[in-house]
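Below is one structure, written out as structure tokens, with a few remarks after it.
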Amino acid sequence: MASQQQLSAIKGAKVLMVGAGGIGCELLKTLALSGFQDIHIIDMDTIEVSNLNRQFLFRQSHVGQSKAKVARDAVLKFRPQMSITPHHANVKDSDFDVEFFKQFNVVLNGLDNLDARRHVNRLCLAADVPLVESGTTGFLGQVTVHVKGKTECYECKPKPAPKTYPVCTITSTPSKFVHCIVWAKDLLFAKLFGDKNQENDLNVRSSDAASSSEHANDVFERRKDEDVDQYGRRIYDHVFGYNIEVALSNEETWKTRDRPKPIYSKDVLPDKLTQLNGNLDKSGATDDFSSMSAMASLGLKNPQDKWSLTECSRVFLEALKLFFVKRVKEIGNLSFDKDDQLAVEFVTAAANIRAASFGIPLHSLFEAKGIAGNIVHAVATTNAIVAGLIVIEAIKVLQKDADNYRMTYCLQHITQKMLLMPVEPYEPDKSCYVCSETPLLLEINTHRSKLRDFVEKVVKAKLGMNFPLIMHGSNLLYEVGDDLDGAMVANYAANLEKVLSELPSPITGGTMLSVEDLQQELICNINIKHREEFDEEKEPDGMVLTGWTQAPPVEEEKANGNGASSSNALQAEPVETKKDAELEEIPESSRRKRKLPEDSEGTDVDASNETKNHKDVEKLDDDDDDDLVMFDDWASVTNKKKRLQ
């Protein structure tokens, strides 16, 4: 039973909820039943059919509608006296600035990506509003409290680096099915259906070129006199046959590896493809392109069946045909989407054909979609438990009960007679560049790298700034904003294309840059150190940022596969457990001591069962919500730590 003091804090609180998905639905319900009266919800997503099995505020009739608005309407039916304000928008929109955040007593996060979480963390710091983070992935969950000056901020701890694969592994020497998925999704699918001008690491040279000039032609370009079936077979033979033969010509590569087998369409399909090919009228084609299916037109029904090589080949050619016949207007603008049935079928078929060539076991569409879409299925009960823990911590925050703040881990197996593991939060990290404003060090070749490289690879990708302003001393080098006049925009655009040492105010070794995000009210100082050479495999960005902490990349490759091609490494995106969480391991160097509740008796916690599948860093984004930290060495959480003041 809540005390009078707690009830008073609850009723007088103004709460911002960011995210109305798996955790968000449970959280809004729990807030309402706990007596909260004034809640704002921000969520840019609309309801999908796949949400309905656990996001219980939504029904079939709500598909396509705003999550924030439908969640509000559902809760008002049983708590009509509440004030719930929905915002169907991106939390990074300029409307949600520091002044907007200042009106709230606490912010509760349920986001599905690192960039947005960092953004909210910075706005909470700037507005001096407490933040409660949360996340679930399967049976695992976590709730953390972040209060400026009292506890660590969200970015004090290293976040997991997405697993990267060298391009040579993906294009030439795959050894795991995930390598085939990355190849099919990020190279082949992108080359056939995406931006034709984007760089791609696939071999595009024709096998029948008669001259060097013909060799320069892109084999993926469809010829004028070529029908879709002919084009499909030619692409099939090129990527699964000719390209494999080209790879085999390098004898050195295969001295210690099993040699792949080239696969040509004539080896697995009859010459008359129409004898086995499907009926486009049975493709399930509707106005909703995402439901179009090659499986339907071929009579394949069970997504958990493993297709034979012949079936994979038929699906590959049928899916390609459907894209070029039924969805031709989209060609050139498509990117892989796990909710696009035809895209998933194409990638599954292509990955399986490549896997067969390299002697890798084939996978079902269900399994392949899990890898390609980074899906680990959510558990509704975990969401409900975590939502309850969020509200408990929110009440503590509203009462300013800092001594009793807890980070709580929801475990899969009982450990020390507990399924919930509460530990005291970290103190602020004095080296954190976000909440402590500690300068960073950037090693970069100032004579070769352009300002654009610095903005894209450091300021945006690593520091997560959306509206950066870059200054060298009193000289403004770059700025983003809607209020810039044409001359300023042109000037900054010109600066982007200049190498650092040739800017109007040259950036060389020993320079200090000041980078500011006006929306986040974050300022970061970066010391520049000139460096001539970088390892292309280990340092593909051609620069190294120190002081910006990021956890080591994922070693376990059981579920991964996304990223831009045309660099020296392809990224594997974090596993998405339908977007409710992130799982990460704290590396030994950055682990700090924590104190368990007194009933833990100070003994070591054996959580080997909980972490046996998560010994390395693995980021998991569960369904629409957010962030989880687990330990490889759980004994570290039992060590005593200075109490927060």
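Backbone N, Cα and C define each Cβ position, glycine as well.
TrEMBL annotations: computationally assigned, not manually curated.
A quick note: this is a predicted structure, and the numbers were derived from the prediction, not measured.
Pulled from TrEMBL, these are the features on record:
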- Cys168: active site, glycyl thioester intermediate (ACT_SITE)
- 19-24, Asp43, 51-54, Lys67, 112-117: ATP binding site (BINDING)
- Cys153, Cys156, Cys432, Cys435: Zn(2+) binding site (BINDING)
- 609-618: compositional bias 'Basic and acidic residues' (COMPBIAS)
- 5-432: domain 'THIF-type NAD/FAD binding fold' (DOMAIN)
- 329-369: domain 'Ubiquitin-activating enzyme SCCH' (DOMAIN)
- 442-534: domain 'Ubiquitin/SUMO-activating enzyme ubiquitin-like' (DOMAIN)
- 554-627: region 'Disordered' (REGION)
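Within the chain, the domain 'Ubiquitin-activating enzyme SCCH' (329-369) has long-range Cβ neighbours (under 8 A, six or more residues past its boundaries) at 48, 50, 174-177, 180-181, 183-186, 188-190, 192-196, 236, 239-240, 244, 258, 260-263, 284, 289-295, 303-307, 309, 312-313, 315-316, 319-320, 322-323, 375, 562.
For the domain 'Ubiquitin-activating enzyme SCCH' (329-369), the number of residues in each DSSP class (helix H, G, I; strand E, B; coil) is 24 helix, 0 strand, 17 coil. With a 10 A radius on its CB, Cys435 (Zn(2+) binding site) counts 22 other CB atoms from all the protein chains.
On its own chain, Cys432 (Zn(2+) binding site) has Glu152, Cys153, Glu155, Cys156, Thr438 as residues at least 6 apart in sequence with a Cβ closer than 8 Å to its own Cβ. Note on proximity: among Asp43, Asn53, Cys168, the recorded positions of the record, the Cα nearest Cys435 (Zn(2+) binding site) is that of Asp43. Model confidence over the domain 'Ubiquitin-activating enzyme SCCH' (329-369) stands at 93, taken as the mean pLDDT rounded to a whole number. Taking the centre of the Cβ atoms of Cys153, Cys156, Cys432, Cys435 as the Zn(2+) site, the nearby residues of that chain (Cβ within 8 Å, site residues left out) are Leu125, Glu152, Tyr154, Glu155, Pro428, Asp429, Val434, Ser436. Here the Cα atom of Asp112 (ATP binding site) is found 31 Å from that of Cys168 (active site, glycyl thioester intermediate). Between the CA atoms of the residue listed as 'active site, glycyl thioester intermediate' and Asp115 (ATP binding site) there is a gap of 29 Å.
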